[in-house]
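K.L.:
Here it is, the structure in full.
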Amino acid sequence: MRRIAVMGAAGRMGKILVEAVQQRAPLTGLTAAIVRPGSTLIGVDAGELASLGRIGVPLSGNLESVAEEFDVLIDFTLPEVMLKNLAFCRKAGKAMVIGTTGLDAAQKQLLAEAGKDIPIVFAANFSVGVNLSLKLLDMAARVLAEDADIEIIEAHHRHKIDAPSGTALRMGEVIANALDRDLQKVAVYGREGHTGARERETIGFATVRGGDVVGDHTVLFACEGERLEITHKASSRMTFAKGAVRAALWLDAREPGLYDMQDVLGLH
């Protein structure tokens, strides 16, 4: 059995991750669940909090206190929290599955450095459908090449705090790499006022926030006389959680390295 710990187990995504881990029993088992220090929920059964019934795993407020109880940590928390957990797992030799978004270049470099010592799967989106979309985007960009104007439109719920989404940025990276462009130089984030004509090599991003939208992403390849749209719509966060658990299983006995969901699915 793959022993899995969930960080942020009392949060919206954390409770779904707890459920997803339990759904894969006996291949996986939730053996630790961590919440923020000082939380009033410390000691509460993680299964009961996730409406699964009692599973015998009390919420802990300290990762170090459960270090001997898990093999891999699933972490979808904020960047500053995740990086502290990364440092601990690197020192303790624990594998990680990381779904944190909003990382800057320096923070991503810390992930790469940690990957020299422990196996890590880091992805902006753990949905199988999204990762298949990334493969399709690579193909479309290479075939359409300079003939298409490319725009990425994403929509999420009102509570999401980073924009564009990590998934939208990853889509942009895949397209830019396929076209041998530097995304930092060609990305255009929103348009307003008198912008002038569209520069041909740019990749545009548009962001929508509202309601309870789980996650919609559309990439538009606009050519002369035709348009190609590649769209993915998530209707439940469980799709992300199931992908994260799949990644945790894939990491079993894996050599140290920084992997992504494309590696897990064999799409590279």
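Just so you know, glycine gets a Cβ as well, placed from its N, Cα and C.
Per Swiss-Prot, the features are:
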- His156: active site, proton donor/acceptor (ACT_SITE)
- Lys160: active site, proton donor (ACT_SITE)
- Gly8, Ala9, Ala10, Gly11, Arg12, Met13, Gly99, Thr100, Thr101, Ala123, Ala124, Asn125, Phe126: NAD(+) binding site (BINDING)
- Arg36: NADP(+) binding site (BINDING)
- His157, Gly166, Thr167: (S)-2,3,4,5-tetrahydrodipicolinate binding site (BINDING)
K.L.:
Checking the recorded positions Arg36, His156, His157, Thr167, which are within 10 Å of Thr101 (NAD(+) binding site) at the Cα level?
P.N.:
Thr167
K.L.:
Quick one: pull the CA-CA distance for Phe126 (NAD(+) binding site) versus Thr167 ((S)-2,3,4,5-tetrahydrodipicolinate binding site), whole Å only.
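P.N.:
Phe126 (NAD(+) binding site) and Thr167 ((S)-2,3,4,5-tetrahydrodipicolinate binding site) have their Cα atoms 10 Å apart.
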K.L.:
Hey, how far is Thr167 ((S)-2,3,4,5-tetrahydrodipicolinate binding site) from Lys160 (active site, proton donor), Cα to Cα, in Å?
P.N.:
13
K.L.:
Which ones, of the recorded positions Ala10, Lys160, Gly166, have a Cα no more than 10 Å from the Cα of the residue listed as 'NADP(+) binding site'?
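P.N.:
The recorded positions passing the 10 Å Cα test are Ala10.
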K.L.:
Using C-alpha atoms, which one of the binding-site residues Gly8, Ala10, Arg12, Ala124, Gly166 comes nearest to His156 (active site, proton donor/acceptor)?
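P.N.:
Checking each of Gly8, Ala10, Arg12, Ala124, Gly166 against His156 (active site, proton donor/acceptor), the shortest Cα distance is to Gly166.
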K.L.:
Would you count the other CB atoms within 10 A of the CB of Lys160 (active site, proton donor), including those on all shown protein chains?
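P.N.:
Excluding its own Cβ, the number within 10 Å is 16.
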K.L.:
Fewest neighbouring Cβ atoms within 10 Å: which of the recorded positions Arg12, His156?
P.N.:
Arg12
K.L.:
Near Ala10 (NAD(+) binding site), which residues of its own chain have a C-beta under 8 A away, given they sit six or more steps off in sequence?
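P.N.:
Spatial neighbours, sequence-distant, of Ala10 (NAD(+) binding site): Val35, Ser39, Leu41, Leu49, Leu59.
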K.L.:
May I ask which of the recorded positions His157, Lys160, Gly166 is closest to Ala124 (NAD(+) binding site) if we compare their C-alpha atoms?
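P.N.:
When the Cα distances are compared, Gly166 comes out closest.
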K.L.:
Roughly how many Å lie between the Cα atoms of Arg12 (NAD(+) binding site) and Lys160 (active site, proton donor), rounded to a whole value?
P.N.:
12
K.L.:
Round to a whole number and give the Cα-to-Cα distance in Å for the pair Gly99 (NAD(+) binding site) and Gly166 ((S)-2,3,4,5-tetrahydrodipicolinate binding site).
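P.N.:
About 10 Å separate the Cα atoms of these two residues.
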K.L.:
With a radius of 8 angstroms around the mean position of the C-beta atoms of His157, Gly166, Thr167, what other residues of the same chain does the (S)-2,3,4,5-tetrahydrodipicolinate site pick up?
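P.N.:
Other same-chain residues near the (S)-2,3,4,5-tetrahydrodipicolinate site: Thr101, Ala124, Asn125, Glu154, His156, Lys160, Asp162, Ser165, Ala168, Gly215.
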K.L.:
For His157 ((S)-2,3,4,5-tetrahydrodipicolinate binding site) and Gly8 (NAD(+) binding site), what Cα-Cα distance in Å is obtained after rounding to a whole number?
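P.N.:
Here the two Cα atoms lie 19 Å apart.
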K.L.:
Can you tell which of the binding-site residues (His157, Gly166) has the fewest other C-beta atoms within 10 angstroms of its C-beta?
P.N.:
His157
